[in-house]
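The structure appears right after this line, and notes come after that.
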Amino acid sequence: MRYALAACLLLLAASSFVDAKKKKIADDELGELLDNIDADEEKKSVEPAKNPCEDHQCGWGKECVVGKKGEPTCECISKCPELDGDPMDKVCANNNQTFTSLCDLYRERCLCKRKSKECSKAFNAKVHLEYLGECKKLDECTEEHMAQFPERMADWLFQVMKELKKRRELHKLEWEELLSEAENDDEKKHVYPVIWKFCELDTKPHDKSVSHHELIPITAPVIPMESCIKPFLEGCDANNDGNISIKEWGKCLGLKEGEIQERC
């Protein structure tokens, strides 16, 4: 059963979450959307545009509004885009509350943080994405499943790398070369994919560590099918400093000391 789930995870992770048939959110898109949740604005190094908001990016759940003096400001988005009712648009928050979309979740968060009258529940000021899809009762993460998780995840990542290479979406020639090595070496096929995924997650910011926030793009799509992934990955933070180093990541996923290498 669990290996069948691993196959499902591969299909989920290796394909886009938004396509013509199933409107899901891709890992990279999800990471981009969550990158500036609480940011007010970000200036781009381009020439000033006529519209002050053109050069400013607001956090998710917010929109740029031109102030009375012509200055761009970020306000809670007035209305989220209307959707067609696809259940895959729904998201589950960390308080087990289902929202119509990511936009609605972070609009509510924004309104509540600013103590707006439109805020439905004050405690939603700290709400954030838990996983994609409507909230539901998740399977129990047993000790047995947790113990098996490192090997299953390493194998899953290897399959994901192979699929991305086939689709020419495995960025950087170095990873393609390492994958070719791994395909002919049983030991390396559980080493290189683990290091690759660490580098994929360590982007916002790229500081040679992975925060719990940076884990969201990998946990949010998978939690509904694999309840062990979040507690397992959070447990990789051995020193409880809020960040997972490459050594913590490698050790957590079963790599030996000499196999953990910095390649980001």
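Keep in mind that glycine also has a Cβ here, set from the backbone N, Cα and C atoms.
Computed from a predicted structure; not experimentally measured.
Per Swiss-Prot, the cysteine from Cys103, Cys110, Cys112 that shares a disulfide bond with Cys76 is Cys110. For Cys228, the disulfide partner recorded in Swiss-Prot among Cys119, Cys135, Cys141, Cys264 is Cys141.
Between Cys58 and the candidates Cys74, Cys80, Swiss-Prot records a disulfide bond only with Cys74. Looking up Cys252 in Swiss-Prot gives a disulphide bond whose other cysteine, out of Cys199, Cys236, is Cys236. When you check Swiss-Prot, the disulphide partner of Cys103 from the set Cys53, Cys64, Cys80, Cys135 turns out to be Cys80. In the structure shown, across all protein chains, Cys228 is the one of the disulfide-bonded residues Cys64, Cys135, Cys228 with the greatest number of other Cβ atoms within 10 Å. Secondary structure from DSSP puts Cys252 (disulfide bond) in a helix. Its Cβ taken as reference, Cys76 (disulfide bond) is surrounded by 22 other Cβ atoms within 10 Å in the chains shown.
The two recorded residues, Asn239 (Ca(2+) binding site) and Asn96 (N-linked glycosylation site), have Cα atoms 28 Å apart.
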